[in-house]
Number of protein chains: 4
Amino acid sequence: MFVLVNLKAYDCDPVAIAEAAAEVADASGERIAVAPQAARLSAVADAGVETWAQHVSPVEHGSHTGSTLAEAAADAGAVGTLLNHSERRITLANADDGLGAADRAGLDTVLCANNPAQAAAAAALGPDAVAVEPPELIGGDESVASADPAVVEESVEAVADVDDSVEVFCGAGVSTGADVAAAADLGATGVLLASGVAKADEPESVLRDLVSEI
Amino acid sequence: MFVLVNLKAYDCDPVAIAEAAAEVADASGERIAVAPQAARLSAVADAGVETWAQHVSPVEHGSHTGSTLAEAAADAGAVGTLLNHSERRITLANADDGLGAADRAGLDTVLCANNPAQAAAAAALGPDAVAVEPPELIGGDESVASADPAVVEESVEAVADVDDSVEVFCGAGVSTGADVAAAADLGATGVLLASGVAKADEPESVLRDLVSEI
Amino acid sequence: MFVLVNLKAYDCDPVAIAEAAAEVADASGERIAVAPQAARLSAVADAGVETWAQHVSPVEHGSHTGSTLAEAAADAGAVGTLLNHSERRITLANADDGLGAADRAGLDTVLCANNPAQAAAAAALGPDAVAVEPPELIGGDESVASADPAVVEESVEAVADVDDSVEVFCGAGVSTGADVAAAADLGATGVLLASGVAKADEPESVLRDLVSEI
Amino acid sequence: MFVLVNLKAYDCDPVAIAEAAAEVADASGERIAVAPQAARLSAVADAGVETWAQHVSPVEHGSHTGSTLAEAAADAGAVGTLLNHSERRITLANADDGLGAADRAGLDTVLCANNPAQAAAAAALGPDAVAVEPPELIGGDESVASADPAVVEESVEAVADVDDSVEVFCGAGVSTGADVAAAADLGATGVLLASGVAKADEPESVLRDLVSEI
């Protein structure tokens with residue numbers, strides 16, 4: 001299981017969380033990554049944790065002010081990127097081009113989707129993984145794996161039908177090791193989470209719990 | 001073969017084109033539809049031709065100023081809608097919700113895509129048809145079916161792999177009966193065209209030619 | 001005072017409301033306009049009421065699928081258009097170009113803003129009127145003129161400082177003749193309203209009340 | 001005169017350019033800033049040059065994946081930000097909120113505009129400066145100050161009419177010290193440039209020339 005912590009624009013210390021994640025990853029041998037604001041990618045990468053971007057633009061080098069160039073994210077230390085998060089939705093064409101940009105820059109890709117039909121569509125574009133996150137459960141108290149296990153199972157099935165080399169992650173409401181274990185039982189190979197870690201008083205103990213049942 | 005004429009925002013007389021299309025459809029027995037600006041849907045429908053919207057919003061009834069409500073398009077006489085045209089790209093989630101809105105309003109749907117991978121993604125969302133139109137060929141002199149036949153064939157195959165009940169249309173550069181026949185030979189069951197009719201001096205003779213080899 | 005009724009995407013009968021508005025306008029001698037979905041502009045105009053678009057695109061004739069061409073809105077019977085409603089925000093450049101498009105098509109323009117600073121900015125682009133509508137009050141029970149009179153007064157002043165030929169309308173929560181009178185007292189020369197009429201059981205009596213204290 | 005170098009998404013070495021800019025600024029005593037990709041802000045700031053963001057989002061801390069939080073830009077070393085560049089246009093409301101976000105984070109602000117009317121509108125929102133850049137001249141060979149001096153003069157006048165505490169910068173085609181001097185003669189107090197430095201074989205000599213006639 002891959003634990004991917006999206007720090008969004010939360011009022012948190014990305015470096016402290018990165019250090020905690022690096023320590024828990026080392027101690028447990030599990031894969032944990034942290035996705036900070038683009039401006040903090042290098043600070044997070046310097047902390048020694050696997051570092052992801054929250055988004056990259058579908059562009060190549062050129063006249064694109066205010067873009068998030070995949071190559072710049074990679075230069076800052078990112079090794080992967082989310083795309084099409086429900087808080088940063090992009091067009092179908094830009095998802096396609098964003099995956100191309102990430103590939104050029106050597107970034108792994110997780111393409112987000114709201115439901116099984118969108119997960120299948122996302123899989124057809126060939127990302128490394130599809131993450132299914134029902135928007136209505138994001139930031140909530142109950143994990144998608146318990147609140148709506150069918151959405152995970154159906155996504156795993158729908159993605160496999162389209163391209164069985166694409167992994168399925170799930171997100172929304174994930175905050176405990178039991179949630180991670182439940183996601184794995186449903187066929188997910190990774191989890192996306194955010195507030196559960198970013199808003200925690202003690203991110204390190206949350207992270208330790210998250211990987212405890214893998 | 002279904003001939004779908006997208007009038008875009010061209011400086012043309014939508015009613016005159018609608019009347020010509022109705023006449024050619026009647027005379028030939030072939031299916032021809034005209035997609036005008038939303039504001040002209042009822043005028044086009046009144047001319048007796050099959051009428052399509054160029055776009056509908058992903059919303060239900062409610063507080064959505066400046067939206068294109070699927071139900072309003074249907075009330076004005078539309079029986080189908082394009083979605084995600086390369087000049088009106090929408091997010092994956094909005095494509096999904098736009099198809100739902102169209103279904104609620106009883107509209108047929110053609111979801112546009114730029115290439116075979118996007119066509120497969122579009123098919124996963126369950127539209128009636130996917131239209132593949134390489135953006136670089138739109139408005140050009142050569143038909144997609146002759147300029148890039150592989151993109152049509154690969155789209156037909158990719159869509160069938162995902163959902164073989166979804167039809168495949170093609171567009172970009174279509175302007176003659178030979179183009180329509182070539183598209184049919186490649187497995188398409190419809191064509192999208194725009195400037196070939198909308199900018200023609202004699203739309204009726206272009207339309208007559210378009211259906212001449214079906 | 002100009003009473004501009006925005007029907008948004010509400011589940012209402014635009015023609016019935018248009019007929020009621022035409023009747024009340026005739027009987028009272030006051031100016032009332034109805035802004036339906038683009039697809040219903042001609043049906044509303046046919047009912048004999050002053051007809052407005054909810055939005056027009058910043059484009060000229062050309063390859064713009066799914067746009068709302070100002071000329072098409074005018075051809076369907078619109079004589080004015082809203083721009084930049086808080087539910088259909090546009091860029092500064094598109095507001096500028098949208099006003100140009102409306103001018104070319106002979107449409108009056110009301111450019112919307114959320115607060116006095118934005119109202120001043122909007123005025124600098126030269127619309128016929130600026131409408132100030134605090135988004136947090138839209139659809140609510142209390143009129144902007146009573147809930148936040150300062151926002152109206154400051155907008156009137158800020159707009160006059162930039163260009164005193166630009167009128168100021170106000171909106172959000174307007175539903176009675178007293179609200180209209182209060183808006184006029186604050187210096188507004190028009191009101192925007194929506195749900196108060198569109199969701200009313202008897203739109204005609206609401207409209208009659210709205211103009212009763214002008 | 002303030003020389004603000006926007007690196008856009010160009011294929012350049014932001015750190016080398018930052019070092020060159022720091023050296024020229026030190027040697028000349030002139031104010032030079034460099035605006036890299038968000039992901040490279042800290043690397044550029046570490047080089048000792050004044051560092052600007054190309055864009056910030058209109059949001060506060062919270063659930064905003066893929067945003068460019070003003071506070072994160074500041075934490076990475078930015079002291080200012082562009083907003084509404086013609087390659088990253090934002091809505092009027094987001095320009096207003098983006099200025100608020102920048103203020104909270106302690107960032108100076110330059111709000112971009114295409115022409116004098118938009119410059120006046122931008123000034124009404126209260127940025128530190130407005131930059132006028134006719135999009136058709138961006139990336140071209142001739143400086144706005146010589147190709148279209150009226151647009152600069154009229155912007156200076158229009159901005160002063162709205163708020164004379166707002167400075168006016170100009171951009172598009174600026175590449176030499178003579179261009180900077182011409183801009184100053186027209187009333188601008190800063191210049192925006194991009195390809196002239198970012199694509200130069202020897203950025204340092206270009207920068208030295210740029211400040212040579214101030």
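Including glycine, each Cβ sits where the backbone N, Cα and C put it.
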Further substrate ligand in TrEMBL, beside D:Asn6, D:Leu7, D:Lys8, D:Gly173, D:Ala194, D:Ser195, within candidate set D:Ile32, D:Ile138: D:Ile138
D:His85 (active site, electrophile) and D:Lys8 (substrate binding site), Cα-Cα, nearest whole angstrom: 10
Distance, D:Glu133 (active site, proton acceptor) to D:Ser195 (substrate binding site) (CA atoms, angstrom): 14
Listed recorded positions among D:Leu7, D:Glu133, D:Ile138, D:Gly173, D:Ala194 whose Cα sits within 10 Å of D:His85 (active site, electrophile): D:Glu133
Proximity to chain A among recorded positions D:Asn6, D:Leu7, D:Lys8, D:His85, D:Ala194, where any Cβ pair is under 8 Å: D:Asn6, D:Lys8, D:His85, D:Ala194
Fewest Cβ neighbours within 10 Å, where candidates are the binding-site residues D:Asn6, D:Ser195: D:Ser195
Diameter of the substrate binding set by C-alpha atoms, the set being D:Asn6, D:Leu7, D:Lys8, D:Ile138, D:Gly173, D:Ala194, D:Ser195, in angstrom: 15
Structural state of D:Asn6 (substrate binding site), classified by DSSP into three states: strand
